[in-house]
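According to Swiss-Prot, the protein carries these features:
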SIGNAL    1-20  signal peptide
DOMAIN    197-392  domain 'Peptidase M12B'
DISULFID  Cys308-Cys387  disulfide bond
BINDING   His333, His337, His343  Zn(2+) binding site
ACT_SITE  Glu334  active site
DISULFID  Cys349-Cys371  disulfide bond
DISULFID  Cys351-Cys354  disulfide bond
DOMAIN    400-481  domain 'Disintegrin'
DISULFID  Cys414-Cys429  disulfide bond
DISULFID  Cys416-Cys424  disulfide bond
DISULFID  Cys423-Cys446  disulfide bond
DISULFID  Cys437-Cys443  disulfide bond
DISULFID  Cys442-Cys467  disulfide bond
DISULFID  Cys455-Cys474  disulfide bond
Amino acid sequence: MIQVLLVTICLAVFPYQGSSIILESGNVDDYEVVYPRKVTALPKGAVQPKYEDAMQYEFKVNGEAVVLHLEKNKGLFSEDYSETHYSPDGREITTYPSVEDHCYYHGRIHNDADSTASISACDGLKGYFKLQGETYLIEPLELSDSEAHAVFKYENVEKEDEAPKMCGVTQNWESDESIKKASQLYLTPEQQRFPQRYIKLAIVVDHGMYTKYSSNFKKIRKRVHQMVSNINEMCRPLNIAITLALLDVWSEKDFITVQADAPTTAGLFGDWRERVLLKKKNHDHAQLLTDTNFARNTIGWAYLGRMCDEKYSVGVVQDHSSKVFMVAVTMTHELGHNLGMEHDDKDKCKCEACIMSAVISDKQSKLFSDCSKDYYQTFLTNDNPQCILNAPLRTDTVSTPVSGNEFLEAGEECDCGSPENPCCDAATCKLRPGAQCADGLCCDQCRFKKKRTICRRARGDNPDDRCTGQSADCPRNGLYS
């Protein structure tokens with residue numbers, strides 16, 4: 001029987017309007033101090049793990065009570081996740097740390113259907129959440145009372161400099177006709193959902209960034225893990241699961257010449273990735289984080305539409321902000337370019353500061369615009385990059401089975417999520433009696449759709465894809481039995 005353990009902490013809010021405070025994220029002018037109250041559900045007599053699979057916090061924002069539901073991001077690390085640094089004599093030192101009991105969560109705000117959250121619970125709560133259309137940041141306060149946290153909007157953080165920060169990508173597709181055609185296709189809401197894709201990510205940290213954080217590997221690791229957790233959350237609406245495969249820190253020297261010209265650095269990094277990094281471990285996309293100030297106020301650069309290419313599936317990003325969230329947005333932006341997304345056209349896209357905006361904004365969004373979604377859908381249709389089709393093997397994702405993490409793990413028949421799921425039993429992650437399926441383009445009300453039912457409309461020369469009548473999956477290229 002599940003009992004609710006209530007950790008009672010005095011719930012208080014002290015808005016310091018007009019005051020200024022220096023946080024890890026920078027100098028903040030307008031913020032609230034909150035004392036979250038934690039509610040967690042554990043089986044009677046169970047030993048509480050350091051980081052629970054699911055947690056709930058209650059606090060107030062602008063005088064209104066909010067309930068933050070969090071679930072551990074179980075798919076964040078591959079089973080063979082590795083970390084590499086280098087000794088003074090140049091030896092490569094690679095370790096395979098245990099990351100099963102990590103502290104990175106995603107979630108939502110209760111009774112806010114449009115809400116999202118990406119939170120690190122390593123030392124208090126740090127990250128962001130979206131509430132009633134606004135993005136808020138939360139982080140612990142360094143006070144004698146360790147439970148105190150600051151909640152604030154990103155635009156209330158003082159700018160670190162006045163120069164506009166922008167992506168250096170200027171190339172465009174030769175024509176946008178395919179984009180227009182893709183957006184005009186008639187698809188049912190179910191068919192419009194993006195197919196599940198999986199990206200195994202490699203992060204490389206250059207020597208300049210390593211020394212920027214006092215040559216402290218633990219600080220680098222924590223910062224990168226928070227970034228990847230944020231990227232994972234931002235990619236979820238596109239049905240993309242991000243898994244961190246490796247972290248390579250150039251602790252003694254750079255292995256390429258990191259230059260002020262971002263495209264040149266990306267080219268050199270792509271060469272090194274093809275020659276060296278891919279031979280260490282298989283992955284789909286790599287990004288170089290650097291402390292270098294790129295020319296022309298550029299903070300990132302990536303090749304357009306080159307996902308899965310051994311040389312060109314790369315991006316370079318300046319560690320341009322003390323705020324993890326902002327650097328993570330830039331990393332997601334460059335990943336978006338690799339997935340075929342161009343910059344948002346301010347006259348055509350109904351999003352002032354979405355992820356693919358060419359210039360970073362004071363009111364930066366964590367969302368992809370409709371334009372970006374159209375570009376991505378067209379890229380999948382026209383290019384169908386093969387490396388991101390494969391789900392991690394059930395033994396490749398570090399986790400014990402837990403519902404709602406978007407990975408089908410060992411022992412699971414379905415990823416159940418909510419206890420109200422009519423097809424999947426949330427307690428066992430098994431299909432309910434009489435159910436054939438729980439999700440998929442060929443699943444309808446827990447049953448396989450009839451044979452030959454169209455599950456994906458024809459694109460170009462490709463025929464309609466049709467259900468087999470024996471699976472919830474929609475096979476490619478009209479292959480049905």
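Glycine residues also receive a Cβ, built from the backbone N, Cα and C atoms like all the rest.
Annotated features, which come from Swiss-Prot, shown on the structure.
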| residue | record | Cβ within 10 Å |
| --- | --- | --- |
| Glu334 | active site | 26 |
| His337 | Zn(2+) binding site | 24 |
| Cys349 | disulfide bond | 17 |
| Cys354 | disulfide bond | 22 |
| Cys371 | disulfide bond | 22 |
| Cys387 | disulfide bond | 18 |
| Cys429 | disulfide bond | 21 |
| Cys437 | disulfide bond | 21 |
| Cys443 | disulfide bond | 23 |
| Cys455 | disulfide bond | 23 |
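Here the CA atom of Cys467 (disulfide bond) lies 6 Å from the CA atom of Cys474 (disulfide bond).
The secondary structure of Cys423 (disulfide bond), as reduced to three states from DSSP, is coil rather than helix or strand. Cβ neighbour count for Cys446 (disulfide bond): 19 (other Cβ atoms within 10 Å of its Cβ, all protein chains included). Using a 10 Å Cβ-Cβ cutoff, Cys474 (disulfide bond) registers 22 neighbours. For the recorded site, Cys446 (disulfide bond), the DSSP three-state label reads coil. For the pair Cys429 (disulfide bond) and Cys351 (disulfide bond), the Cα-Cα distance reads 38 Å. When the binding-site residues His333, His343 are scored by other C-beta atoms within 10 Å, His333 scores highest. Across the structure, Cys354 (disulfide bond) and His333 (Zn(2+) binding site) are spaced 9 Å apart at their Cα atoms. Over all protein chains present, the Cβ of Cys414 (disulfide bond) has 25 other Cβ atoms lying within 10 Å. Counting neighbouring Cβ atoms within 10 Å of each of the disulfide-bonded residues (Cys308, Cys423, Cys442, Cys467), the lowest count belongs to Cys308. DSSP assigns Cys414 (disulfide bond) to coil, not to a helix or a strand. The local packing around Cys424 (disulfide bond), expressed as other Cβ atoms within 10 Å of its Cβ over all shown chains, amounts to 26. According to DSSP, Cys429 (disulfide bond) is assigned to coil rather than to any helix or strand.
Neighbours of Cys443 (disulfide bond) among the recorded positions Cys308, His337, His343, Cys351, Cys424, Cys467, defined as a Cα within 10 Å of its Cα, are Cys467. Cys437 (disulfide bond) falls outside any helix or strand according to DSSP and counts as coil.
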